[in-house]
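So that you can see what the record holds, here are the features copied from TrEMBL:
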TRANSMEM  B:16-35  transmembrane segment
TRANSMEM  B:42-61  transmembrane segment
TRANSMEM  B:95-114  transmembrane segment
TRANSMEM  B:190-216  transmembrane segment
TRANSMEM  B:237-258  transmembrane segment
TRANSMEM  B:270-298  transmembrane segment
TRANSMEM  B:310-328  transmembrane segment
Amino acid sequence: MFGLEKRDYTLLIIVACLTMFAPFILNPFPTDSAMAQFNAGYPDLMQRFVIFGIFAIGFNLLFGLTGYLSFGHAAFLGVGSYSAVWMYKLLGYNILPGLFLSVIVSAVFALLIGYISLRRSGIYFSILTLAFAQMMFSIAYSDLIGRFLGTTITNGETGLQVYNSDPQVLHSASKPDIPHLFGQQMQSTYSLDIAGWSFDFNTGYYLCALIMIAAFYIAIRIFRSPFGLMLRAIKTNQTRLNYTGLNTRPYALAVFVISGMYAGLAGGLMACMDPLAGAERMQWTASGEVVLMTILGGAGTLIGPVLGAGFIKYFENIFSKINDSILHQWFAFFPDGIEDAVVFMIHPFIGKGWHLTLGILFMLVVIFLPGGLVEGGQRIGKLLKRGKKSEDKGDGDAASTPAE
Amino acid sequence: MDAFILQLLNGLDKGSAYALIALGLTLIFGTLGVVNFAHGALFMIGAFCSVTLSRILTLSYETVDETQKDFLGNPLVVKTPYVEKWFGPETGAAIIDWAVPLAILFAIPVMIFVGYVMERGLIKHFYKRPHADQILVTFGLAIVLQEVIKYFYGANPIPTPAPGAFTGSFDFGVLLGFDPNAIIYPYWRLVYFFFAGIVISAVFGFLQFTTFGMVVRAGMADRETVGLLGINIDKRFTIMFGIAAAVAGLAGVMYTPINSPNYHMGMDFLVLSFVVVVVGGMGSLPGAVLAGFMLGILESFASMNWIKDIVPGIDQIIIYLVAIIILLTRPRGLMGRKGVMED
């Protein structure tokens, strides 16, 4: 179905189910229980899950599949946000033109930057993309183009937003004053209360989720296409490809543009959920974040980036919420002295210290588990399988026959 | 003309910082072949060495002075730093005043130790891994170091003043025959420039005129052959990593009076110093120094008013523009060697 193999089809179904039932899955605890702080099923966070999922899927096409480590991908995210907000300002709050323009504009930027950066590979490519991204960040942060032309393009530090004085030619009094899709407001949420549980169904989230499933589907098709095979060949041995008389640049450029479009789409969606665009989205630490997501989940795998994005955003949210008094509650069963000691030990890693935890986690993954969470899952799966097999056969040489 | 000279001078101190960091980066890259994204963090740790030392020096004990009253009418509690007790009030005050230069002595062993631990503990295991992995693991390390510093020192910049003797400015214009106050240049920036010059010459002298340096240079050119000659090149490279860390740390120590250190200053400098290294040519030490000064000076020229009137904000993007142009026209950078990072 959809031209997919059975395995990929299963994967797509899994992702689709996960995203569609996310409001249930992410809210496993009743609202007034002590565990409710682990619930992540509120609209804002769920939107971020899928938006960053799209961003990471696109980045993975470039880094995981083709092997080019870009350190400036957040620039395209920012470009997407700015374009979408400009569409609100000029046309009105319908998100469709905004999304359309954000993909187109980020593709144009990706084409330009990619054309120049892809002349070099390896570390030079990383630094070139980094330089471009920092340049675009500076331009957006101080609105240099706007100042040059004597108008406002990015509105500098304040960030771009919609004002009453903006033209909004397609806007009329009957339409909502917030981002909407043909009247369906992105912020509208339907809450379902069942016996202590509360589940939020948010229009914006479901729009993003549908787009992410589509994006995921396209990524699968790219992975399995002859084009994807060529990209894999570029990652494996570019020199050898060149010696066969093949020019790899167009392929690399194509995937760079595609992944820039994914980033632009994610940026556009961000502006759809919240009609603002700021330069901080383009900073190179933001590019670093998508690198973290992809690596943490598993670069080069299909589902890895989605998992990584969800993982980082979930724990960012949970860890930053935990504070000392919650820790004291948890460890109350220890004697007082030990309780204080344990809380003292954990204290640097929670709340504002979340980045420390993330950094350590990231280092551990790079050092011990280069394949990310996906590889971790596979290893555990293999161990389990091996355990079962040796039980069945009653001998221990199952290692010689791998399951696949 | 005076504006021109002023900008040239202004560019020198920033250029010195770029040159020092880029020098350390290139040393690590040239010897160990590792792309160290944690180098900015080393710069920051150096800066916090100076903060730490000035905090240690001002550790005080409290005495109650019955003759004076505070605003509530209680006896005044006077804090006296221990150094003033041990060395007498005047010497003690002078020591506290000179905390930043003294921090050089403190920072060198600390930085060499940090560098040694970093190389032996982490980076050693990444020689055989792809460059992307090296970038990623050092990037993670940079985040960790930065967050640890933030945990202990807080997120706000910590002002660390220069010694009293170096506050104020030097009227450079008078020396060259301009009007007084035409070219005003803070003393400390001058000190920074000369300090950077001394460190850079020391590193070059060390590599050029000592046996150790000769072996290291040989190892940079052909690691395998040097190893076959029975020299333990890995050990020397580890020491070079320590030295590179110390260079970055010293750049940080002396930079504190110019810019109050905060936990993300390393990241801010890191991107620029990578650009500097690439412009200078990966693996070329003179290239790194040259590009550092060149970009620092270019940046300050671009912030001149009449240039900003033509192209607003050019000062913020000029470095990246230059880097992009140079990488496209001279892919190896200004003084890059052939065969370094070509694949």
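We number each residue from 1, going along the chain as drawn.
For all residues, glycine too, the Cβ spot is worked out from N, Cα and C.
Away from its own ends, the transmembrane segment (B:95-114) comes close to residues 42, 45-46, 49-50, 52-54, 57-58, 81, 83-84, 87, 160-164, 242-243, 245-246, 248-250, 252-254, 256-257 of its chain (Cβ-Cβ under 8 Å, at least six residues beyond either end).
Same-chain residues lying 6 or more positions outside the transmembrane segment (B:310-328) and placing a CB less than 8 Å from one of its CB atoms are 272, 275, 278-279, 295, 298-300, 302-303, 334. For the transmembrane segment (B:42-61), same-chain residues at least 6 beyond its ends with a Cβ under 8 Å from one of its own Cβ atoms are 21, 24, 79-83, 85, 95-96, 99-100, 102-103, 106-107, 110-111, 114-115, 145-146, 149, 153, 158, 160, 245, 248-253, 255-256, 261, 263-266, 269-270.
Same-chain residues lying 6 or more positions outside the transmembrane segment (B:16-35) and placing a CB less than 8 Å from one of its CB atoms are 42-43, 119, 123, 126-127, 131, 134-135, 138, 192-193, 195-197, 199-200, 203, 216, 219-220, 237, 240-241, 243-245, 247-248, 250-251, 255, 269-270, 272-274, 276-277, 280, 282-285, 287-289, 291-293, 295-296, 340.
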